[in-house]
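Asker: Okay, so TrEMBL annotates it like this:
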type	residues	note
DOMAIN	B:19-436	domain 'DUF112'
TRANSMEM	B:12-45	transmembrane segment
TRANSMEM	B:57-79	transmembrane segment
TRANSMEM	B:106-132	transmembrane segment
TRANSMEM	B:144-160	transmembrane segment
TRANSMEM	B:167-185	transmembrane segment
TRANSMEM	B:197-217	transmembrane segment
TRANSMEM	B:325-346	transmembrane segment
TRANSMEM	B:352-375	transmembrane segment
TRANSMEM	B:387-405	transmembrane segment
TRANSMEM	B:467-483	transmembrane segment
Amino acid sequence: MLNRNILFPALIIALSAILLVLISQFPEPRFQDAPVGADFFPAAIAIIQIIICGVLIVQHKNNKKTVKEEPLLSSKSIFGVVFLIAYAVLISLVGYLLASLIGFTFYLIYYKVKKPLYYIVAWIFVFTIYFLFGEVFVISLPEGLLFY
Amino acid sequence: MEHLLNGFMSAFSLAVFPVLVFGVLGGVILGALPGLTATMGVAILLPFTFGMQPTPALVMLIGVYIGGIYGGSIAAILLKTPGTPASAATVLDGHTMAIKGLAAKALSIAAVASFIGGLISTIVLIAIAPILADFALRFNAPEYFALALFGLTIIASVSAKSLLKGLLAGTIGLLVSMVGLDPISSVPRFTFGIMDLYSGINIIPVLIGLFAISEGLNQLEKLSNNKQDVAPKFDYKVLSFPDFKKILPTCIKSGLIGTSIGSVPGAGADISAFACYNEAKRVAKKPEEFGNGSMHGLAAAESGNNGVTGGSLVPLLTLGVPGDAVSAVLLGALIVQGLTPGPLLFTQNPEIVYGIFSSMIVANIVMLLIGFLGIRFFCRIIEVPKIIMIPIIIFLSIIGAYAINNSMFDVGIAITFGLLGFILNKLEIPSSPILLAIILGPMAETNLRKSLIMYEGSWSFLYDRPIALAFILFAVFSVYSTMKLKKRQRSA
């Protein structure tokens with residue numbers, strides 16, 4: 001099985017190679033008086049990145065120690081990622097207030113929280129932020145595409 | 001001296017003192033909220049000053065600035081969520097102290113160090129503002145490039161275990177910083193036709209993602225199945241006098257470095273905090289403690305970022321050149337009040353200039369008092385059960401990312417970098433170098449290319465300009481001493 005300490009640098013090498021191709025396709029500026037162009041820095045960094053990743057792979061291969069790896073993403077972290085993305089989508093659809101009330105309540109139900117106090121704290125937090133941002137600091141919060 | 005005494009009388013007058021306290025308190029609250037920077041705080045309150053007299057108006061905004069920079073450390077220490085970019089270095093030791101049960105001590109160190117940094121900076125501003133401004137005026141593209149290069153060497157010291165992994169993170173940050181229009185010839189780079197990418201990737205959502213969202217995901221993963229988890233136990237012991245004596249030299253040194261960095265236009269509190277942290281680590285007797293809850297590390301970062309507050313006003317008040325984004329907003333406030341920043345301001349409106357100076361000293365004292373009086377209140381945050389705290393971190397992060405530009409695109413950026421930070425953490429690749437490279441990358445690239453244009457393609461600016469050469473030598477020395485230190489740590 002591929003080790004993450006090899007897989008990640010290998011992935012970065014592949015991405016850097018793609019970046020080098022993209023860099024070579026940068027449009028030419030209409031007027032160029034500079035000794036180095038827009039492609040100089042990104043190309044140099046991408047090459048350095050390939051070298052660093054190459055050394056990291058070699059270093060790992062030479063490392064005799066075998067460490068038992070935990071999975072990169074556990075079920076809890078997968079829930080976290082899905083929750084995060086779902087909240088961002090919801091907030092853009094129904095706005096901050098509704099999305100946060102739904103999101104926070106769903107989260108507490110998912111974790112089978114039974115204490116009513118936790119629900120009350122969650123809702124108070126949502127309304128406090130709404131008041132603080134909207135009324136005190138006059139910073140607009142997402143209103144949601146459905147209510148726009 | 002007479003002007004200064006009059007300034008103090010003005011600072012304690014009924015017209016000024018209440019707005020000063022309001023400004024500092026508002027700044028602390030704004031700074032503590034992730035995504036709301038000191039710059040944003042000053043900008044938000046700017047319209048409220050239009051109808052005010054010049055002195056209270058400017059004093060209130062400067063109070064917000066000073067309070068905002070300190071406020072960022074509260075969230076950084078307690079939630080591992082830097083409220084402002086200036087507090088990114090505070091996370092390294094401040095949060096570690098908090099999870100060891102020393103949250104009150106960490107907050108008191110942050111308050112004291114911020115106070116010392118801010119006070120030194122103000123005293124320097126009063127005493128040698130014109131001299132420092134003259135020095136900073138000599139900076140040109142080669143000096144800025146060398147300064148950025150020196151800043152980038154800090155990556156070596158913030159790379160916890162593996163220098164190579166730190167460098168890899170640094171290169172990721174540099175590539176991210178290159179998204180958008182090229183600063184010299186306006187060639188679009190890595191924009192893929194997406195309009196939001198043309199102006200580059202905003203640092204704040206990146207910071208929120210790397211530090212706050214990834215931390216939220218980390219905490220979620222560690223969340224025990226027992227939901228009613230016990231709140232972490234910690235004592236309310238604040239900084240003791242012997243500890244204060246220990247950190248005092250670090251605070252003074254960092255305050256002075258912060259003031260110098262702040263007086264250089266373009267170099268802000270974020271760069272200063274990392275530079276001071278690096279310097280404190282370099283000279284420390286026990287550098288291995290840095291990153292593991294070092295008082296000196298926390299004090300250096302906090303004194304360094306607040307040291308910028310006075311420094312950034314040096315070029316603003318003496319030359320009319322804003323040192324950073326906050327002073328650019330303050331420049332607007334001065335103009336709105338009908339004042340023209342520059343040498344003439346000292347002769348034509350000394351009561352306003354010295355009113356600002358005196359109020360800065362008072363604002364730092366108010367900030368210290370708020371910092372100490374609020375410790376018990378702030379510490380309650382860490383007692384909130386994690387099951388409640390995690391969604392709060394995530395929600396604040398998302399809202400903070402949105403609030404910068406009212407843009408869901410920035411929310412996407414924050415989430416992307418949150419996931420990246422989470423994965424990098426699993427691979428033991430530090431996140432701080434990414435942030436550092438995003439801050440310093442554009443400065444390094446732009447000024448290197450400008451220097452090459454100035455010198456018609458020759459690289460001789462690297463050695464024939466004394467200030468640039470000094471920074472380059474500092475950079476070489478910094479890398480050398482860090483590598484030597486890491487070697488010593490490995491063999492120990």
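Positions of Cβ are set from backbone N, Cα and C atoms, glycine also.
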Asker: So which of B:12-45, B:197-217, B:352-375, B:467-483 is most in touch with the transmembrane segment (B:57-79), counting Cβ pairs under 8 Å?
Answerer: B:12-45
Asker: Most CB pairs under 8 Å with the transmembrane segment (B:197-217): which of B:12-45, B:167-185, B:325-346, B:352-375, B:387-405?
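Answerer: Ranked by Cβ pairs under 8 Å, first place goes to B:387-405.
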Asker: Pairs 6 or more apart in sequence, C-beta under 8 angstroms, 3 or more of them: is that satisfied by the transmembrane segment (B:106-132) and the transmembrane segment (B:352-375)?
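Answerer: Contact criterion met.
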Asker: Three or more CB pairs closer than 8 Å, sequence separation of 6 or more: does that hold for the transmembrane segment (B:325-346) against the transmembrane segment (B:12-45)?
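Answerer: In contact, yes.
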Asker: Before we move on, state whether the transmembrane segment (B:387-405) and the transmembrane segment (B:167-185) share at least 3 Cβ pairs under 8 Å, counting only pairs 6 or more apart in sequence.
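Answerer: Judged by the Cβ rule, the two regions do not touch, with the required three close pairs absent.
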Asker: To what whole number does the mean pLDDT across the domain 'DUF112' (B:19-436) round?
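Answerer: That region's mean pLDDT is 81.
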Asker: Under 8 Å between C-beta atoms and at least six residues away from its ends: which parts of the chain pack against the transmembrane segment (B:167-185)?
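Answerer: For the transmembrane segment (B:167-185), the sequence-distant neighbours (Cβ-Cβ under 8 Å, at least 6 residues beyond its ends) are 152, 155-156, 159, 191, 197-201, 206, 424, 429-439, 441-442, 445-446, 449-450, 453.
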